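Here is what TrEMBL says about this protein:
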SIGNAL    1-26  signal peptide
DOMAIN    23-141  domain 'Ig-like'
TRANSMEM  151-175  transmembrane segment
COMPBIAS  185-201  compositional bias 'Basic and acidic residues'
REGION    185-215  region 'Disordered'
Amino acid sequence: MYGKSPALVLPLLLSLQLTALCPTEAVEIYTSGALEAVNGTDVRLKCTFSSFAPVGDALTVTWNFRPRDGGREQFVFYYHMDPFRPMSGRFKDRVVWDGNPERYDVSILLWKLQFDDNGTYTCQVKNPPDVDGLVGTIRLSVVHTVPFSEIYFLAVAIGSACALMIIVVIVVVLFQHFRKKRWADSADKAEGTKSKEEEKLNQGNKVSVFVEDTD
């Protein structure tokens with residue numbers, strides 16, 4: 001029995017040494033945490049990650065959903081080299097890929113929000129050898145309308161932009177008007193000076209002719 005122990009221990013020590021030489025790191029995932037969106041609109045569920053391993057073809061992304069009122073977890077989206085949308089269920093034809101793995105972005109876009117979309121969305125990323133790490137979560141709340149504060153700030157921003165555009169247009173129009181008026185005044189002044197010089201010249205010619213006639 002004791003003669004077989006070294007043969008069993010050697011592979012274990014070898015695997016531990018390989019693990020120490022090539023340690024696995026955890027994938028870190030970043031999400032907004034909580035998100036509020038209006039019923040009937042589209043919303044982007046943003047999920048980014050960081051990994052010590054370079055992003056390659058082994059990268060996988062899994063999105064799942066758990067309703068707020070409880071119930072089983074539901075499949076939302078899967079990505080492995082290509083996006084795989086759900087072929088059935090509540091999210092069929094309502095979710096599309098909106099990420100870019102090269103930029104560590106694995107976000108999705110959810111169309112035509114419904115009130116029963118309220119719940120927690122999870123984003124899990126595996127980038128071998130980085131396969132461990134916490135799952136990112138987004139708590140989505142679907143509401144009738146956006147809060148008053150958001151509408152107010154949006155209205156103020158739009159109104160300010162419109163007012164600024166109107167001011168710029170007025171300034172441009174006034175500048176063009178005064179520039180044309182200045183050119184017109186300069187032209188009239190030059191024309192008046194030219195007319196006076198011609199009048200003086202004509203008078204001088206008349207005086208010369210009168211003197212000649214007198215002689």
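Numbers run from 1 along the shown chain.
Cβ from N, Cα, C; glycine included.
In TrEMBL, annotation is done automatically, which means it is predicted and not curated.
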Given a Cβ distance threshold of under 8 angstroms, which distant residues of the chain, six or more beyond its ends, lie next to the transmembrane segment (151-175)?
145
For the domain 'Ig-like' (23-141), would you mind checking the mean pLDDT of the predicted model?
92
Going by DSSP assignments with H, G and I as helix and E and B as strand, what are the residue counts for the domain 'Ig-like' (23-141)?
6 helix, 61 strand, 52 coil
